[in-house]
Amino acid sequence: MGRPDPEEGQLPAPVKPPDGGWGWIVLLGCFVITGFSYAFPKAVSVYFKELMKDFHVGYSDTAWISSIMLAMLYGTGPVCSIMVNQFGCRPVMLIGGLLASAGMILASFTTNIIELYLTAGVLTGLGMALNFQPSLIMLGTYFDKRRPLANGLAAAGSPVFLSSLSPLGQVLLEKFGWRGGFLIMGGLLLNCCTCGAVMRPLDMGMKRKMGKAQDKYEAKEMLPIGGKSEEGISTTDGTKKGKKAKKKPKKGKKLLDFSIFSNRGFIIYTISKFILVLGLFVPPILLVNYAKDTGVPDTEAAFLLSIIGFIDIFARPACGMVAGLKWVRPHVAYLFSFSMLFNGLTDICSARASNYTGLVIFCVFFGISYGMVGALQFEVLMAIVGSQKFSSAIGLVLLIEAFAVLIGPPSAGRLVDALKNYEVIFYLAGSEVVLSALFLGVASYCCLNRGKKEPPPENNPSAGGGSDTEEAESDVQEAEERSSDNHQPAHSTDNAVVAANEEPNHVAEEQRGEGGGCPAGDGEVLARDGCNADQMVERDSF
């Protein structure tokens, strides 16, 4: 009935996310990818002392390995978006898994620190980046109603892998040395290829078959019973083949969609995330040294990070469940703002903690708030831009965050060296996080009120509801394709239909089969006579 077909150069009709089924396997793959992407750069730090001895370098030189990994993870966002839009998620993830593994394997044969930067830093970091973004895109494709829960469960991979990769790296270092440990870690990263293999796109073929079956069923219902109905069906199919030859191929999808910068919600989100990242990672980086300076033993100081990780494991899925509630999801941007405010106030209130008990309390509340931020950050972005533009949006956001990552923690370290005072750093980091929370909440509220007062209702990016945004975008695209098809001459196909069968019912069936015989404004009566509901929705969207 005039449905766009991918084989005809048209955009495929949007497939409803299954919210389960194979999506749970995709979620498991995203859990593993998220764990490797965020935990691996931190877990590599257990090898730094041995690297310092073998290569005769300082701690700051070896720390650049983790920094380069994170810079590649964030800074190559646009490159990953272009590759995903051009080749799809699965091929990009398979290539990324091979690059990440090859980087660590080659690093085990290096002879100087520069070679380590190029292999373990650049190559492995690029491979993990090519896995991280596509996994999040596929997660948004398979989940809609349960997407907040899915994002929370996938984000839990970071603390789980951090708590397991660090002890594993220590064991490998003691038994095989750093070269053997790098080699085995490279083998573990091949699991990214397995995760990429399960990221199959939603089946479009089944939807096309269902559409063709529905066309034939409607033709049988509207035409006389007997041989004439079959003749009308064949005529309708023949007409569609004639139209297929006339349709012009549609232009390909943009490799990187910069039109998202016209979305006020995206601009607000990007600015708030930049301010957030300036101070979010500072407290956990300086926590151990801060505890040691207050007189806490080394083992107990290191255990503080384990407390944060343990709380984080449960905080992320729990926050995802809360964000998925019907009365919370439309306001998920405000929940994200609250989580950032909670995290910033935790930093400020704990700046004067002078004993181990106070630091433990800080770790508990920091773990809860940090888990909430991690569970909601990508859910809010999906709700703002929708799934069709998410691949471009996340690449641009990560690129902007890369600058904040390179500014925040290093600047905090220099301030500590200059002031010899951790209290000021905690105040500063907490103030940055609070500022980002207030900016997101106030700016989103103002945009929401302004959007409600405007007569033409537009997609409100800050109000959540990613499913509504996705449906509206797909409806507009389908309507544009069908309107262009209706302007094309169809006299030859009409004559062929009349010549094949002169029955009036068959001519009426031909008009319904082309999908262009429903004048606008006839309402529900025409919907019962042959126009499907999708066409009515598409006209209303204009």
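Placement of Cβ uses the backbone N, Cα and C atoms for every residue, glycine included.
According to TrEMBL, the feature compositional bias 'Acidic residues' maps to 468-478.
Taken from TrEMBL, the feature compositional bias 'Polar residues' applies to 486-495.
Under the heading compositional bias 'Basic and acidic residues', TrEMBL lists 503-513.
According to TrEMBL, the domain 'Major facilitator superfamily (MFS) profile' annotation covers 23-448.
Summarising the annotation, TrEMBL assigns region 'Disordered' to 228-248 (among others).
The region 'Disordered' annotation in TrEMBL covers 453-542 (among others).
If you look at the transmembrane segment (21-40), the same-chain residues 6 or more away from its ends with a CB under 8 A from one of its CBs are 69, 73, 93, 100, 124, 128-129, 131-132, 135-136, 138-139, 142-143, 150, 153-162, 165-166, 185, 189, 191-192, 194-196, 198-200. Residues or ranges marked as transmembrane segment by TrEMBL: 21-40 (among others).
Residues 37, 40-42, 44-45, 48, 92, 116-117, 120-122, 124-126, 128-130, 132-134, 137, 255-256, 391-392, 394-399, 401-402, 405-406 of the same chain lie 6 or more positions beyond the ends of the transmembrane segment (63-84) yet place their CB under 8 Å from a CB of it. As annotated by TrEMBL, transmembrane segment applies to 63-84 (among others).
Annotation source TrEMBL lists transmembrane segment at 91-110 (among others).
Look at TrEMBL and you will find 116-137 (among others) tagged as transmembrane segment.
Per TrEMBL, transmembrane segment is recorded for 181-202 (among others).
Per TrEMBL, the feature transmembrane segment maps to 266-291 (among others).
The transmembrane segment annotation in TrEMBL covers 303-325 (among others).
Away from its own ends, the transmembrane segment (332-353) comes close to residues 148, 265, 269, 272, 276, 279-280, 283, 294, 319, 322-323, 359, 361-362, 365-366, 368-370, 372-373, 376-377, 379-380, 383-384, 422-423, 426-427, 429-438, 440-441, 444, 462-464 of its chain (Cβ-Cβ under 8 Å, at least six residues beyond either end). Per TrEMBL, the feature transmembrane segment maps to 332-353 (among others).
Taken from TrEMBL, the feature transmembrane segment applies to 359-378 (among others). Remote same-chain partners of the transmembrane segment (359-378), defined as residues 6 or more beyond its termini with a Cβ less than 8 Å from a stretch Cβ, comprise 136, 148, 151-152, 155-156, 158-159, 273, 276, 280, 283-284, 287, 290-291, 294, 296, 304-305, 307-320, 323, 332, 335-336, 339-340, 342-343, 346-347, 350, 353, 394.
Cβ atoms under 8 Å from those of the transmembrane segment (390-412) belong to residues 67, 70-71, 73-75, 77-82, 84-85, 133, 136-137, 140, 254, 256-258, 260, 266, 269-270, 273-282, 285-286, 378, 381-382, 384, 425, 428-429, 432 of the same chain, restricted to positions at least 6 beyond its ends. Sequence annotations record features per position, and here TrEMBL assigns transmembrane segment to 390-412 (among others).
Of the ranges 116-137, 181-202, 266-291, 303-325, 424-448, the one with the most Cβ pairs under 8 Å to the transmembrane segment (91-110) is 116-137.
Simply put, out of 116-137, 181-202, 266-291, 303-325, 266-291 has the most Cβ pairs sitting under 8 Å from the transmembrane segment (424-448).
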